[in-house]
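Enquirer: One structure follows; several queries about it will come next.
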């Protein structure tokens, strides 16, 4: 049911996503660690009532599932993340090597680690840029998917891999929201759950920043309602979306300490400028760089689709109060937040922790960088992760 | 040297700005309070080295300048503000009526109150939408103006009005930066100065949010490099810029308390949406409204020009350390910040207060709303303003 496809190109190259072919599961060989595989999971009934046909999920694995399938760990990526959590057959670095790998807290010599590209993404899973049944990319027709939709898709992948329950599900930011949704939707399938740098639902402010980002793309003259494949892509819009997001991922102190009011080298923000243009401040050049870097590796429609999935994040929808909604979860929880995070405030993580069964302690990651500390400073949780989760 | 032009249209109507004619000062009659007047101040040498020809400033006044010209108060507007601080001949409400008017802390029965449209603006002053010497709008050719440029232009207006020194100069946000620049550039001309909700310079984060806003406009397909007059205007870009700004003007708690995750009435954010569109959350509808409201009353190029002037805000440029830069100022200062402001952090106002001669106390305005509290909660400073400034 799965096929192996070697991860192609440089880490920052936009992946080709239309290369999924249908090889029967029987032919699947042992796939090297840390290479993208694909699974067809069939048609998916979405929360909106729409049916999404012939869904494919891209994923990577590391290590070996043990005989009673009790050592499987799911690591969920964030908004523009991919499935490459840590290095594998190739030495291509992953995005959470502090967390997972040989000898890391999630020891890939001991655990069978799985990472799934979120439905709607552009790193192997069905998304706006993959072909609809008529052979053309989904484009503007790609339906709204919620985090519950992406979770139910992932449950089918777990079924196919023979994983009845995860030893642990972990994630930060959007990944944390995905992990939480797993633990609440499938209580018996999640024994441990780490929810890092995200609260129980997307707040009005998080929705507001997300709207600005999706509008930046939608207003790009190349967007064409989402049907831009084969033509010029809405790169300027995607880069602007990323700039807005990136500001919220970093603290004011981080930006000011790194860049202050300095001019970009050999540019003069105050000399002979006009509305036609002027020299840049360093922080502008930095954000230009962040925007342009994402454009080279990410699909603008997927950015919208996943952002709107994140806007849908609400563990309480249709379930009652926060405490009632969380009550069915039987996992052991680890909740953590970065103290300087100004997008997913620690207070939101605290409210989640307090409402969870057993009221786990909130772990504070001390990092002046802001939200992105969940990626760069996960080492601060090593002790807790090792002693509580991965002893 | 001044001419009176009745303020035209509804408060939210984009003003016509090309109606300035050259009537000699001798013909100027007593102008009704709170109506826009215009003053030609001649050519202006800009900080960049560029010379801006034949500059006009729009302004309003209230009350009467006394015999020794000792009762003049300058109130500086914020980014998208206009000169209409409070009502006058007409009953059209102003934007800071809590602060200025008959019986208000700045009592217009006692003080001669002046408000000047910032250079680059679209409420009466020379800006991108006004005619260059060739008769066409400046558009893309409008030069970069800094807050020092706008301040030196305003000093000429003070000269023309016969105001050698201001009893007080007051402002919040950009208006506070303008007030501070006045007090430091012309120490002998400012006897009291209130700097509200802004620090000593625009920080990297403030520059970063500003860049996102200017890019939102510049990337609008109707922007045409700034030369859009006579054709379709970059309305979508300006509205997006405003949405981004407005999020930063309000606290997370304010947005979440007002809107939470509610759907806009009769819309469904999670039903049958696609990349082509979906129902909105309330907070999205609210920000759409804020964006569209600004589009009806503001010029997109002026938004860029003034935003870039604000990016230039740095009282230290060319003057040394913060303390050294502020040392020449002889005004009595009032520094205030809104406790929940997350764009102009109270810590930045505190750093300014501590570095000012005499180290004035920082006044905290308690308002959960965020930055916009400087407009809505100025009444909290009434006591200080009355006892310290306007006794």
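Glycine too: its Cβ is placed from the backbone N, Cα and C atoms.
Caution: TrEMBL annotation is automatic and unverified by curators.
For reference, TrEMBL lists these features for the protein:
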type	residues	note
ACT_SITE	B:173	active site, nucleophile
ACT_SITE	B:341	active site
ACT_SITE	B:371	active site
BINDING	B:242, B:372	substrate binding site
DOMAIN	B:71-377	domain 'AB hydrolase-1'
REGION	B:1-27	region 'Disordered'
Enquirer: Out of B:341, B:372, which of the recorded positions has the smallest number of neighbouring Cβ atoms within 10 Å?
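Expert: Each of the recorded positions B:341, B:372 was scored; lowest Cβ tally within 10 Å is B:372.
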Enquirer: Other than its own, how many Cβ atoms are within 10 Å of the Cβ belonging to residue B:242 (substrate binding site)?
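Expert: So the number of other Cβ atoms within 10 Å of residue B:242 (substrate binding site) is 26.
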Enquirer: Would you count the other C-beta atoms found within 10 angstroms of the C-beta of residue B:173 (active site, nucleophile) for me?
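Expert: Result for residue B:173 (active site, nucleophile): 24 other Cβ atoms within 10 Å.
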Enquirer: Looking at the recorded positions B:173, B:242, B:371, which ones sit with their CA no more than 10 Å from the CA of residue B:341 (active site)?
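Expert: Final answer, ordered: B:371.
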Enquirer: Measure from the Cβ of residue B:371 (active site) and count the other Cβ atoms within 10 Å, all protein chains considered.
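Expert: Here the count is 26.
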Enquirer: From the Cα of residue B:371 (active site) across to the Cα of residue B:242 (substrate binding site), what is the distance in angstrom?
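Expert: With distance taken Cα to Cα, residue B:371 (active site) is 14 Å from residue B:242 (substrate binding site).
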Enquirer: I want to verify one value. Collapsing DSSP to three states, which class is residue B:371 (active site)?
Expert: coil
Enquirer: Can you tell me whether DSSP puts residue B:173 (active site, nucleophile) in helix, strand or coil?
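Expert: Once the DSSP labels are grouped into three classes, residue B:173 (active site, nucleophile) ends up as coil.
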Enquirer: Residue B:372 (substrate binding site) to residue B:173 (active site, nucleophile): how many Å between their Cα atoms?
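Expert: Distance between the two Cα atoms comes out at 9 Å.
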Enquirer: Looking only at C-alpha atoms, tell me how far residue B:173 (active site, nucleophile) is from residue B:371 (active site), rounded to the nearest Å.
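Expert: One finds 8 Å between the Cα atoms of these residues.
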